[in-house]
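Colleague: Here it is, the structure, as structure tokens.
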Amino acid sequence: MASMKRKCPDDETACGSGAGAAMCVTGCGFFGSEATNNMCSRCYREHSADNDAVEEAAAANSDLELVGVAETTTKKARMSAVVPVAVASSSSAAAEQPAAKAATAPNRCAACRKKVGLTGFKCRCGGNFCGGHRHADAHGCGFDYKSAGKEQIAKQNPLVVADKLATRI
């Protein structure tokens, strides 16, 4: 029975490796199989992912070409209507840009000019204040809280008054 064992050649790393076990064709040092085109599992995965990406790009490219042809014909027909609208929207966008900058500018306390960033407190008088000046008496607020409170209560609690009857008195 000892004579039936086969001796390992010097170039093989394990005894019993059959004809199906060959080194990976990419030269990474692992064994490949015929099912994976003589590549190891890692190299085969990378190779198939690359092929899939190339096929998807080609498919997307052909779709874009078909869509591009259809779009150019419709764009030529609509070009005269689109140009005046684009000019009007660009002028309105230019007018909105300074207003947007002015809205983001108050990052400082209105009383002491200290940077407040996101931690600032907005008052009803319209100012942005730090923690020390957030109360109305600390920054000399001109907002009339008393009348605003009265108006708010009047809106929330409407007075129910019955109509006077002419026959009754």
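Glycine residues also receive a Cβ, built from the backbone N, Cα and C atoms like all the rest.
Here Swiss-Prot flags Cys24, Cys28, Cys40, Cys43 as Zn(2+) 1 binding site. The feature Zn(2+) 2 binding site is assigned by Swiss-Prot to Cys109, Cys112, Cys130, His133. The Zn(2+) 3 binding site annotation in Swiss-Prot covers Cys123, Cys125, His139, Cys141 and is backed by sequence analysis. Residues or ranges marked as zinc finger by Swiss-Prot: 18-52, 103-149.
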Colleague: Excluding near sequence neighbours, so keeping only residues 6 or more apart in the same chain, what lies with its CB under 8 A of Cys123 (Zn(2+) 3 binding site)?
Modeller: Phe129, Arg134, Ala136, His139, Cys141, Phe143
Colleague: Same-chain residues six or more away whose CB lies under 8 A from the CB of His133 (Zn(2+) 2 binding site)?
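Modeller: Set apart from His133 (Zn(2+) 2 binding site) by at least 6 residues yet with Cβ under 8 Å, we have Cys109, Ala110, Ala111, Cys112, His139.
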Colleague: Can you tell me the CA-to-CA distance separating Cys28 (Zn(2+) 1 binding site) and Cys125 (Zn(2+) 3 binding site), as a whole number of Å?
Modeller: 72
Colleague: Measuring Cα to Cα, tell me the gap between Cys43 (Zn(2+) 1 binding site) and Cys130 (Zn(2+) 2 binding site) in whole angstrom.
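Modeller: So the alpha carbons of Cys43 (Zn(2+) 1 binding site) and Cys130 (Zn(2+) 2 binding site) sit roughly 60 Å from each other.
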Colleague: Enter the number of other CB atoms within 10 angstroms of the CB of Cys109 (Zn(2+) 2 binding site).
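Modeller: For Cys109 (Zn(2+) 2 binding site), the count of other Cβ atoms within 10 Å is 21.
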Colleague: Would you pick out, from the binding-site residues Cys28, Cys141, the residue whose Cβ has the largest number of other Cβ atoms within 10 Å?
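Modeller: Buried the deepest by this measure is Cys141.
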Colleague: Whole-number Å only: compute the distance from the Cα of Cys40 (Zn(2+) 1 binding site) to the Cα of Cys130 (Zn(2+) 2 binding site).
Modeller: 64
Colleague: Taking only the Cα atoms, work out how far Cys125 (Zn(2+) 3 binding site) lies from Cys24 (Zn(2+) 1 binding site), in Å, as a whole number.
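Modeller: Between the Cα atoms of Cys125 (Zn(2+) 3 binding site) and Cys24 (Zn(2+) 1 binding site), the distance comes to 75 Å.
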Colleague: Take the mean position of the Cβ atoms of Cys24, Cys28, Cys40, Cys43, the recorded Zn(2+) 1 site. Which other residues of that chain put their Cβ within 8 Å of it?
Modeller: Val25, Thr26, Gly27, Gly29, Phe30, Gly32, Met39, Ser41, Arg42, Tyr44
Colleague: So which other residues, same chain and not among Cys109, Cys112, Cys130, His133, have a Cβ within 8 Å of the centroid of the Cβ atoms at the Zn(2+) 2 site?
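Modeller: Once Cys109, Cys112, Cys130, His133 are set aside, the remaining close residues are Arg108, Ala110, Ala111, Arg113, Lys114, Val116, Phe129, Gly131, Gly132, Arg134, His139.
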Colleague: Could you say whether, by DSSP, Cys43 (Zn(2+) 1 binding site) belongs to a helix, a strand or a coil region?
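Modeller: Note: Cys43 (Zn(2+) 1 binding site) is helical by DSSP.
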